[in-house]
């Protein structure tokens, strides 16, 4: 593979237009949303728009492990019955704080956008993600967002659906991120876009599933102390070397930015 600066007597071009901007992106960067880009679980956050900022016990008791999407459909139906409107949800999404260091990471990516293709894979919902990213000013960074379909029906109720069906036994019934990532890479390869390295930034158990498919050239960035991080540690103990990607835990996303900056420097 060609390296940065290879075959040209010019310094690396990380910004602006010209030669660098005409090349396909070298790296694929995948983000999760809840408790990764934002510092909360957005499904929990929107309960702040409910009466008394709480759900009744009979709704909470309907939750079943692996069927969170169906549970949230019931939560949203209840909130619609209580008169919660689009503007109420939008206000909540727009005010959820970003995770520590995430603005620094996004600023870095904005300056080096031609080197990274950035996508988001989240078990949240399209409306909430778009509201949050637009409010933060970083929506345009993402080439594609994969999340559960959502919208508002004729009654003004916030509606939510499953993303797809799959056969993975480790993921929620409505979404397997490994399937999404595998299909995306295959689609881009058909379009003659292949990546030197893949970077995955996440926190949850459903982020561990796709990260297992990463190669030794790739990097997994699990949020320190969260399920994805614990699961990578457990796999390494039980099956040393089975998890192929380099693991770089983070507390602040600025640490991710610094790692990526070092990757770019080494290319020169």
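Backbone N, Cα and C define each Cβ position, glycine as well.
Taken straight from TrEMBL:
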type     : residues    : note
ACT_SITE : 32          : active site, nucleophile
BINDING  : 32, 34, 203 : Mg(2+) binding site
ACT_SITE : 34          : active site, proton donor
BINDING  : 43, 123     : substrate binding site
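Overlay of TrEMBL feature records on the structure.
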{"residue": "32", "record": "active site, nucleophile", "CB count, 10 Å": "27"}
{"residue": "34", "record": "Mg(2+) binding site", "CB count, 10 Å": "24"}
{"residue": "43", "record": "substrate binding site", "CB count, 10 Å": "19"}
{"residue": "123", "record": "substrate binding site", "CB count, 10 Å": "26"}
{"residue": "203", "record": "Mg(2+) binding site", "CB count, 10 Å": "25"}
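For the pair formed by residue 43 (substrate binding site) and residue 32 (active site, nucleophile), distance between Cα atoms is given as 14 Å, rounded to the nearest Å. What surrounds the Mg(2+) site, by Cβ distance within 8 Å of the Cβ centroid and not counting 32, 34, 203, is the set 33, 35, 36, 37, 122, 202, 204, 207, 223, 226 from the same chain. Recorded residues residue 34 (Mg(2+) binding site) and residue 123 (substrate binding site) have their alpha carbons 8 Å apart, per Cα-Cα distance. Rounded to the nearest whole angstrom, the C-alpha distance between residue 123 (substrate binding site) and residue 32 (active site, nucleophile) is 8.
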